[in-house]
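Structure, as structure tokens:
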């Protein structure tokens, strides 16, 4: 048994020498010598059987939904807050990618009434994305003020660029106006210059360049056009001053504007249709004006009849109310209260009265009466 174990150990050592080298096998053999068994190894603290853990990079996720970016959720950077968002949580508008929060506030144009309609969480999320603390905000107005303040600071660069562009445009317009004024304003100088040219020699007249003459004529035509435009503006202003009601909204015609049937004939088709439309009369089948006139006449007559019948009903109702009991307002007055003699109640209510409701006199008896 010992010889077999020795031969097997020798073969293993030879294989290890071929693979790892002689020094490694000798180190292993020294470990075997100190061990209690023939196949036990001493633990090496510098050697680990597990591979080293790979260093994990920063896990970049979407700021809105918290999911990792993938093929279906591509990474996009918001042009306002400069944060990373996926394609689902961002909106593409005018070739600019914005997150849903920035897009929501951008739609309000940063107007206070529109911002007050938003939710508190949207305003708070907008400020958090820009690393603005919101701990001191207790009301919604505080968040809106903070958003407006931050937007004003953030738009200073835009204001600078716009002011630069405006200054450039002002300078360009100044030079343009000064250039044209040199040709348009001194019209007398131009005319005198033309007179000198006409009085001069033939050589001097022929030596005048055609470009100068064209500039002179164009300047004169521009002066005439400006004068015509000013005259037109003055005429429009005078017309508005004379007829101030034209600029206001025109009052629609109604049935109350008619005093008699003769007024219907003098109304236009538009006014007739307005009257019919306001009184819920269908005029879709009317092709001629006389058809509209007939409908308006019929409507006017029916309105007059309704007013008369309504007045008669009110009169009858007043008369009926005069004959009703003043207590129950249901039965007819058919009782006389004694000793005062007032007739203000029915028999049923008169028997229950202890005193007259008019003179407050004690009721001795309630007598039922019949009308002849």
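Just so it is clear, glycine is given a Cβ too, placed from its N, Cα and C backbone atoms.
The shown structure was predicted, so the numbers you read here are calculated from the model rather than taken from an experiment.
From the options 76-134, 135-193, 194-252, the stretch Swiss-Prot describes as region 'Disordered' is 194-252. Range annotated as zinc finger by Swiss-Prot, chosen from 289-324, 325-360: 325-360.
When Swiss-Prot is compared with the stretches 4-55, 56-107, the one noted as zinc finger is 56-107. Between the listed modified residues, namely 254, 256, the fewest other CB atoms within 10 angstroms of a CB are found at 256.
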